[in-house]
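Features of the protein shown, as given by TrEMBL:
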{"type": "DOMAIN", "residues": "91-156", "note": "domain 'Ig-like'"}
{"type": "DOMAIN", "residues": "171-262", "note": "domain 'Ig-like'"}
{"type": "REGION", "residues": "312-338", "note": "region 'Disordered'"}
Amino acid sequence: MVMWNILKPRKHLFCMTNMSCMRHEGTDVFLPHSHIISEWISRRLSLLDEGIYTCYVGTAIQAITNKVVLKVGVFLTPMMKYEKRNTNSFLICSVLSVYPRPIITWKMDNTLISENNMEETGSLGPFSINSTLNITGSNSSYECTIENSLLKQTWTGRWTMKDGLHKMQTEHVSLSCQLVNDYFSPNQDFKVTWSRMESGISSILAYYLSSSQNTTFYESRFSWNKELKNQSDFSMNLMDLSLSDSGEYLCNISSDEYTLLTIHTVHVEPSQETASDNKGLWILVASLILVAVKCCTGNISGRIWALRSRHPADGAQRGQPPMAERRMDSGSGGTVKRYGQKLCHSIGHFKK
């Protein structure tokens, strides 16, 4: 007879001798009766299954007893997020389910630093952990590592910011983002997400999944170079820039073991033609306002001139307007004056 007994009340499993178990929570563990009998029993593990198991093998000749310690670990793939809060920028390394408590380390330019804030939920496990770091140097690179010592698994997140780009309106911009071979193995599945950060909100521009080779675009002006993409280069092109395209652009390459975040800052400036048009428009508006002011004040002086025309002063001709008004009535100045008079009339009507 072969029998496994966990040292907890009324729990019995059948297994072979000399078994060593270390499994993830929720995975299957297979326990055979013996080396000879090929029957297997499958069991879904949980943290409650941790404990010491004893195996008793008894025959007519001898009896053997062995003990095995079963430990169960949890390590749901962590993630790294980039957030902007007002003028401050933060990196958050988080893992939603992990057991036992992991080892979390932060580096800035390969130098160990301490995080600003650690949040943990789950008193007995599995735990949910957020580790937050305030970005103090935009020209530096930051790295977060989360290690599960029991399962011997390590995840790494890395953040870098590229130099800012200045572009003119209607031009296009190319933003680099490459998969680093030091982090990703050739046959490892990964996903790439390009997004734009604006007022603390992230909007997705494009999404790529290596396992299916499918690419989804959410912005018609966005494109990837297919030849570069085949070489693990996911640099993007954004065409026909507008002033509203100014902002931060984030490239996120993630797998089960790594996350690489790359930030680009784009400044879009008005083109020369647009600037000239705006300047001309402001000059026209200023001229209209000036003429309107003169027109409104001219109504008063016009009435005075009408009274004076009845009793002209010495040297003045009856029925002739002042010389300044006669000059304003001629040429392009007359056109501006007519628009100004309409504006003045509207203002006078509004006052009534």
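Each residue, glycine too, has its Cβ placed from N, Cα and C.
These figures come from a predicted structure and were not determined experimentally.
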Practice item. For the domain 'Ig-like' (91-156), give the DSSP counts of helix residues, strand residues and coil residues. Key: 0 helix, 42 strand, 24 coil
Revision key, fill the gap. When pLDDT is averaged across the domain 'Ig-like' (171-262), the result is 88
Exercise for review: Could you break down the residues of the domain 'Ig-like' (171-262) into DSSP helix, strand and coil, giving a count for each?
Suggested key: 7 helix, 45 strand, 40 coil
